[in-house]
Amino acid sequence: MPFHAAHLSPGRHGAQLGSSGVFRQRLKTSFISKSIECVAFTDVAPQAPTHFLVIPRKPIAMLSDAEDTDAALLGHLMNVARKVAKEQGLEKGYRLIVNNGQDGAQSVYHLHIHVMGGRQMSWPPG
């Protein structure tokens, strides 16, 4: 099923999930990874040669809204990021980013991890 975060409405409650846990919007990108808990797909506006997102199917607006009971899901997201990074050939390294809230530059209010690699990253990031 195609999926792309750019079609999610920005704002606190922009990500609309159906009861099946699949995003309602018809989106343009195909999944590069799927599990019961999350999906991964290439970013529509990549900021690095390799740039993909890992997104939980559970509707969590931002990391600070996650609960202690979400610990296993959050760990799963990191594990999927690691596996897909390896599949994408990022042996030399990559960066994980989670934007949280307005000051964290979050624009899509459904928790997601950016995974970027394929070039030397600079520091500080923002």
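Even glycines carry a Cβ here, placed using N, Cα and C.
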Among 30-34, 75-79, 90-94, 110-114, where does TrEMBL put the label motif 'Histidine triad motif'?
110-114
With DSSP, how much of the domain 'HIT' (18-126) is helix, how much strand and how much coil, in residues?
23 helix, 27 strand, 59 coil
